[in-house]
Amino acid sequence: MAPPTGTTGAQLGRREWAFAFALVTSLFFTWGFAYGLLDVLNAHFQTVFGITKLQSTLLQLAYFGAYFVWAPFAGTFMRRVGYKKGIHIGLGLYSIGAIFFWPSAKYEKYGGFVGSTFVIGCGLSTLEVAANSYISVLGTPQYAAARLNFSQGFQGIASFAGPLIASRWFFTGANATSLGTVQWVYLAVAGLGIVLNILFFFCPLPEITEDALAEEIDGVGITDGQGPFWKQYRCVFGFVAQTAYVGAQVTVASFAVNFLVDQGIGVDPSKASQLFSFCQITFTVGRFVGVVILKFIDPALLLSFYGFCCSLFCLLVSQLPGYGGVGCLFTLFFFESICYPCIFTLGTKNLGVHTKRGSGLIVMGVGGGAWYPSAQGALADSTYTRRSYLVPMSGYIAMTIYAVGLVVDQAKKNGFSFRNRDELTANLKHAAANDSLSSDAKGRLSTEKKVSSDEFVA
């Protein structure tokens, strides 16, 4: 059945909205699991292949480099064929990449792992463009950041499952120096991707169209998405902020196991992997806490505060030895929690006909994770792991500058507000009060009120 045309998230019924939301949210668990395994494989391959910390970051270069190369094509592709076909392509590439982990492990070829990781990255970048964008527009702009934080919370749940599996199967006994278990884990990952692809094939997924989104915001006097794409500065600078933030987040996670082992508190690689999974749990808890906070606090303002905290605690991680540094690392993971979803939703807000292209650009920013780990790995090899955490601090600072800039811009246009404002509904009411709304827009106003009260945000 062809997806409905001319649809916005606000026009979906409660049951249709909930079904679409739950189905797309399942994708976040998929790549959270793959990402969680990637970080511990980084340390495991140092032992198995006898490579340096810098060389081990080729995995991150392949994974996040795929985002940089592939995400813009994914956004353009989905602009033409829709979200659902984009999801099929993403899950297909994800499964193919995971399957090729088997021969790479069997023949112990590090280059094979790097190539397979690149294919997985292409698949996941396609899924991110589709799922992040779809969740963002699946309802009112006011709660876009809260919705995406909730959905990505399930990515966090999967990401700490990866290190837990690794601590049990990768770093103990004979598995500590072999790749036997790795191949079976990734065959299971491939199977998960195939099952999800089949489910999406048989399940109807309402298509949220860019033309309908543009009509919705233009009808109430919001002109942010008008003009050429290169003039969408909120999105362009959002790409820069996302590049810097993801680079910082990836480096913090990539060397967490090395950092915990090197802190001199009697932690071996297996124990460090368990502690890293607890860091991911902290991150996930922070994300669900953020859902509640974002219901009330302006996303740009909250991102500014969290960005400052990330910068501060990353600096403390680089300076404090022993348990003090470990405690700051856990705190850093908490404050990272809301950053990616907030940057994405703020950068793609009110883009109208540019929504999918803008989503592709913001997801392309995930490519920052390709080169930040190499910079940190080089510094870690020349000094020591703790000092290398000065590298990701620069990314958090850049993200904070973007968030503060948005707060200033919003204050100039609409006045400063501490609370999360429903800009779309406010404009609808203002136009209705002036009797300047069309009958079509008045219908959307009543629908908007209904969905705003129905949609899950906390």
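We count from 1, first residue shown onward.
The backbone N, Cα and C atoms fix where each Cβ goes, glycine too.
Taken straight from TrEMBL:
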| type | residues | note |
| --- | --- | --- |
| COMPBIAS | 441-458 | compositional bias 'Basic and acidic residues' |
| REGION | 437-458 | region 'Disordered' |
| TRANSMEM | 17-38 | transmembrane segment |
| TRANSMEM | 58-75 | transmembrane segment |
| TRANSMEM | 87-104 | transmembrane segment |
| TRANSMEM | 110-131 | transmembrane segment |
| TRANSMEM | 152-171 | transmembrane segment |
| TRANSMEM | 183-203 | transmembrane segment |
| TRANSMEM | 236-261 | transmembrane segment |
| TRANSMEM | 273-294 | transmembrane segment |
| TRANSMEM | 301-318 | transmembrane segment |
| TRANSMEM | 324-346 | transmembrane segment |
| TRANSMEM | 358-374 | transmembrane segment |
| TRANSMEM | 389-408 | transmembrane segment |
Out of 58-75, 183-203, 236-261, 389-408, which stretch touches the transmembrane segment (87-104) the most, going by CB pairs under 8 Å? 183-203
Interface present between the transmembrane segment (58-75) and the transmembrane segment (273-294) (three or more C-beta pairs under 8 A): no
Given the transmembrane segment (110-131), its same-chain partners at Cβ distance under 8 Å and 6+ residues beyond its ends are 24-25, 27-28, 30-31, 34-35, 38, 41, 45, 49, 51, 58-59, 61-67, 69-71, 74-75, 77-78, 83, 86-87, 89-98, 100-101, 103-104, 151, 193, 356, 359-360, 363-364, 366
Within the same chain, where does the transmembrane segment (183-203) have neighbours whose Cβ lies under 8 angstroms from its own Cβ atoms, ignoring anything closer than 6 residues to its ends? I mean 6 or more beyond. 19, 23, 26-27, 30, 33-34, 37, 84, 87-88, 91-92, 94-96, 98-99, 101-102, 104-106, 123, 165, 169
Count the CB pairs under 8 A between the transmembrane segment (236-261) and each of 58-75, 301-318, 324-346, 358-374, 389-408, then give me the winner. 358-374
Hey, does the transmembrane segment (58-75) touch the transmembrane segment (389-408), meaning at least 3 C-beta pairs closer than 8 angstroms, sequence gap 6 or more? no
Rank 301-318, 324-346, 358-374 by Cβ pairs under 8 Å to the transmembrane segment (58-75) and hand me the top one. 358-374
Quick test of the contact rule: Cβ under 8 Å, at least six residues beyond the ends. What residues does that give for the transmembrane segment (324-346)? 132, 136, 144-145, 148-149, 152, 156, 234, 238, 241-242, 245-246, 249, 252, 256, 259-260, 263, 265, 275, 278-280, 282-287, 289-290, 293-294, 299-300, 302-303, 306-307, 309-310, 313-314, 316-317, 359, 362-363, 365, 386, 399, 402-403, 406
